[in-house]
Amino acid sequence: MSEHHSGFVAIIGRPNVGKSTFMNRILGEKIAIMSPKAQTTRNKINGIYTTPDAQIVFVDTPGIHKPKNELDTYMDKAALSTLNQVDAILFMVEADEEKGPGDGYIMRQLAEVKKPVYLIINKIDLVKPDDLLPLIESYQHDYAFAQVFPISATMGNNVDELLTALTDALPVGPQYYPEDQLTDHPEYFVVGELIREKILELTRDEVPHAVAVQVERMKDREGGKLQIEAYIIVERDSQKGIIIGRGGQMLKQIGIRARHDIENLLGDKVNLKLWVRVQKNWRDNNAYLKSLGYNTKDLR
């Protein structure tokens, strides 16, 4: 019988390089929300990949960027604090983007960490193969990566090869979670993230960064349905108006789309009730951030 390998692997990179898409591809389920808008992921999200020979806990981190408010500071600290707590690190970049200052900043942070770092070049389906080598060389000039994997998280190219390499590199260890468990986050957290994803998909650019979702209640099933009640938090009355929409149509569409994904995730029929609440400047209010589950003091 072969030895069982297990460990924790951080996925790090600039906003919007495809970290959440990659993790959802591996798990075969949507537990990390996805959007073309930056700053989609706000918390560290653990995804659990299990085979007979290994268990890899992937930590999908917020995209690292220059902070503009207390929430941004929390997200950067959440991402960087992960680096010393894992067995390996995946540094993800985009095949169709040149190396930028943000990538250089991340590599300088990685230089302080004594863990193997894998360069993951995502979105190779968007470029010609001949364009990859110069990009790889530009990154290797700045950092000694353990290995380089060009992949497509959307199409699945080279993802299996990466998983094999990670399995071989991780230490011999136990299975930390049951084989059918995909995340260690509670259901209400994932439900809130799925609601927020639909807001990102449907609303204008000025709204998404100012939105949070607070799941107030997930009641026992009544009449065969799970009762979920949640508040959508915004900073201004004008944003509340956008979320609700004319005649409540936008809020209705958010609810319909979110309910569909929540039902797929939980395997139950859902009755979803949504309200919109204005909390001015909540992204700079440490007490309110803490009530939503963000606490920068925990990351010092």
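Start at 1 and count along the chain as shown; that gives each residue its number.
A Cβ is built for glycine as well, from the same backbone N, Cα and C atoms used for every other residue.
As given in Swiss-Prot:
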BINDING   13-20, 60-64, 122-125  GTP binding site
DOMAIN    5-172  domain 'Era-type G'
DOMAIN    203-280  domain 'KH type-2'
REGION    13-20  region 'G1'
REGION    39-43  region 'G2'
REGION    60-63  region 'G3'
REGION    122-125  region 'G4'
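Asn16 (GTP binding site) carries neither a helix nor a strand DSSP state and counts as coil. Taking all protein chains in view, 24 other C-beta atoms sit within 10 angstroms of the C-beta of Thr61 (GTP binding site). For the binding-site residues Gly13, Asn16, Lys19, Ile124, the largest tally of other C-beta atoms within 10 A is found at Lys19.
Averaged over the region 'G4' (122-125), the predicted model has a pLDDT of 96. Note on the region 'G4' (122-125): DSSP counts are 2 helix, 1 strand, 1 coil.
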